[in-house]
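Student: Take this structure, written in structure tokens, and hold onto it; I'll ask about it next.
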């Protein structure tokens, strides 16, 4: 179902269901022979949610049957697992580097089923603010506490739609805009219209003093190319039809959740406002972590740029 300006969701619907897909991919990577990451909570989320489209990543028996239904389906599924594994490793390392540098305020925008508050070795005094839809945060906290898990930092949930006045809600929850903070917008930006993307980074910029850090993965050049979009849509249509047979469940058309609009380049926008910026493409990040993109699968993943930045003094 196409997005609307005031749509909402729980963990099994629309954008919320993508968080379960990410958790399933993290579970598959964690349980693999040579994992890049360790997320012991990912499997808990997937099991708690029950059967759905996310099952295809986390069930090894389904993966072995994939190519019987559609040639290259298993390769595409493995590519998605690799995508999420490298993305997770990138953000894990970003957060830990910021913590090592002494930053003790962490803001995770569109937190979804990100369990970093619960699994990363945060230094004493760290406060993590997680922002997302109320039902999503409730599912995560309730599920983890039912399994006896405890956050490894002071966790402050801020249940809010990011299209609302989240800076006000964040500060009312205790965020101190006079101190450095580390921000993440992981797996978020392509679900925002271009204007909302601009507003998101304007708000982050306004709340960031020197020493603050930011990481995000954003649409790269070519994201809106009509020929590439057509190839991606056709490729995903075939894979989605086959995957639906495997899990006996409807598979969300993720193309309907994204906004393929021309956007302000986030890296240059940040540089103009006093941030030191580093970037890596999806292919560069995959290579950095020893993963590869299968031949012919380039169009199955949207062009993605990983951005990390630090606010300069002065």
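In case you wondered, yes, glycine gets a Cβ from its N, Cα and C as well.
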Student: For the S-adenosyl-L-methionine site that Swiss-Prot lists with 161, 162, give the additional residue from the candidates 124, 132, 198.
Tutor: 132
Student: Other than 132, 161, 162, which residues of the same chain sit close to S-adenosyl-L-methionine? List them in sequence order, counting a residue when its Cβ is within 8 Å of the Cβ centroid of the site.
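Tutor: Leaving out the recorded residues gives 109, 110, 131, 133, 160, 163, 164, 166.
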Student: Which residues, sitting 6 or more apart from residue 132 (S-adenosyl-L-methionine binding site) on the same chain, put a CB under 8 Å from its CB?
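Tutor: The answer is 110, 111, 112, 159, 160, 162.
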